[in-house]
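So the structure is just underneath, and the comments pick up after that.
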């Protein structure tokens with residue numbers, strides 16, 4: 001049976017050269033959005049050459065955020081861009097890594113599936129990669145596959161060989177190669193250099209892949225003679241040398257790529273006709289971005305503030321809420337690993353505490369939560385941010401001595417936060433990767449709560465990624481002191497939402513709402529947060545009379 005017998009979709013393979021982090025994921029997402037706007041069904045996938053099974057245990061400082069899918073996949077952040085640009089939910093099967101391929105390969109070898117054969121990279125590894133590429137097309141007209149890394153990386157070679165084989169077996173009528181490269185600007189004269197692109201294409205061609213379209217990343221379009229030079233020496237049509245220009249907003253990319261006929265050239269390659277794309281919604285987004293008049297400053301207190309890819313979905317969700325509310329969001333990044341001073345918080349209009357792991361930077365986050373609580377500053381805590389809000393309240397309001405999380409101190413007197421019951425270590429091997437509570441869950445909200453009003457419903461579905469939870473033994477004592485637990489999980493009875501109803505806007509959620517926000521449908525929790533930040537700022541409700549020095553953090557002595 002040939003590949004064509006099992007898959008009728010066209011394949012668009014997006015590769016990158018010269019350097020990493022050029023924007024392959026956004027280019028792939030933009031292609032998907034443009035084809036979707038012409039009436040086609042699309043599916044996007046990411047192939048990562050690293051040997052981790054998934055990015056779940058990788059440092060955000062190296063890899064960026066871990067994007068969680070509805071079905072519990074811990075995936076590359078590019079899948080978040082795919083979802084935001086196309087509105088098509090991805091799954092854990094849309095992100096494959098070399099580690100996962102080798103895991104499957106070795107399991108098959110141990111079962112005897114290769115009995116009698118010498119297991120090799122070619123054909124056994126490449127066959128598994130090809131199987132992933134072709135699987136579960138769900139009736140898509142186009143499957144867009146982004147290959148992580150850079151052409152020339154040793155670890156990328158099996159993936160590049162796999163897509164070469166797919167193209168050979170399907171024929172050029174069903175595959176197209178889009179290669180993104182860098183055209184650097186060198187010297188004080190600002191000379192644009194095309195030689196790195198030529199070498200990158202030469203490297204790709206040596207592996208049996210001839211790019212059909214070259215996207216060159218640059219601050220400005222190349223002069224015609226330089227564009228023609230790339231076409232000539234890289235063996236592509238001059239019409240297929242297309243700029244991938246720096247833009248102020250990523251949401252300008254589909255409009256820009258269409259203006260340079262990227263989608264037109266792709267369809268021409270396949271000999272397919274289609275109506276012009278309806279880009280009205282993209283134009284509307286850009287109008288909203290440009291028309292925001294009110295400005296608020298929101299402090300994000302985290303430990304990866306030098307690596308902003310760690311918070312991609314978070315900052316995008318803030319921007320979505322802001323653009324739909326006519327508000328420009330200025331983010332003030334505060335490194336929680338450094339001493340957080342009152343001067344870091346005195347000029348902010350809102351505080352956001354993101355998720356995280358480990359005790360590094362916890363005191364800075366707790367101090368910021370306490371300062372926001374005591375001074376009427378809107379505060380949104382997500383995942384660990386919610387857990388720390390409960391700990392801060394226990395220390396400073398309920399006066400519970402040595403209130404803490406067992407993640408940070410197993411021997412604390414008052415464990416406000418504990419490991420999920422079904423994850424607590426017992427006999428045998430303890431696996432860290434892939435063992436958290438992951439994916440979409442159903443939550444029930446108190447009918448009279450602020451958060452139910454925000455959602456307009458008492459039953460919601462959100463994505464989670466956590467190993468720890470609020471200790472139910474402390475629910476009553478914290479409620480007696482004024483903290484409300486207004487959301488519970490449908491299946492396990494866990495505390496999922498807390499709020500302080502005496503505060504202008506103070507909400508913590510165990511789940512990750514940022515994963516379900518889009519530029520066309522901002523998440524209601526972020527919208528409420530941003531709008532209340534502006535309203536409270538304009539009304540002057542924040543008094544900022546309580547000093548940050550008065551806030552107790554874990555390990556502090558409680559003064560009765």
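If you go along the chain as it appears here, the first residue is 1 and each next one adds 1.
Each Cβ is built from the backbone N, Cα and C atoms, and glycine gets one as well.
Take the L-glutamine site that Swiss-Prot assigns to 384, 385, 386, 387, 407, 467: the candidate from 350, 356, 439 listed for it is 356.
Going by what Swiss-Prot states, the CTP site holds 20, 153, 154, 155, 193, 194, 195, 196, 197, 198, and the candidate of 108, 229, 252 recorded there is 229. The ATP site in Swiss-Prot is built from 21, 22, 23, 24, 25, 26 plus one of 71, 76, 78, 94, namely 78. Taking all protein chains in view, 19 other C-beta atoms sit within 10 angstroms of the C-beta of residue 23 (ATP binding site).
A 10 Å cutoff on Cβ-Cβ distances gives residue 22 (ATP binding site) a total of 19 other Cβ atoms nearby, all chains included. For residue 146 (Mg(2+) binding site), the binding-site residues whose C-alpha atoms fall inside a 10 Å radius of its own C-alpha are 24, 25, 78, out of 24, 25, 78, 154, 198. For the binding-site residues given as 154, 384, 386, the lowest number of other CB atoms within 10 Å of the residue's CB is seen at 154. Per-residue pLDDT, averaged along the domain 'Glutamine amidotransferase type-1' (297-539), amounts to 94 for this model. Rounded to a whole number, the distance between the Cα atoms of residue 387 (L-glutamine binding site) and residue 78 (ATP binding site) is 28 Å. Checking Cα-Cα distances from residue 356 (L-glutamine binding site) against the recorded positions (20, 198, 229, 383) with a 10 Å cut-off leaves 383, in sequence order.
When Cβ neighbours within 10 Å are tallied across all protein chains shown, the highest count among the binding-site residues 21, 194, 387 belongs to 387.
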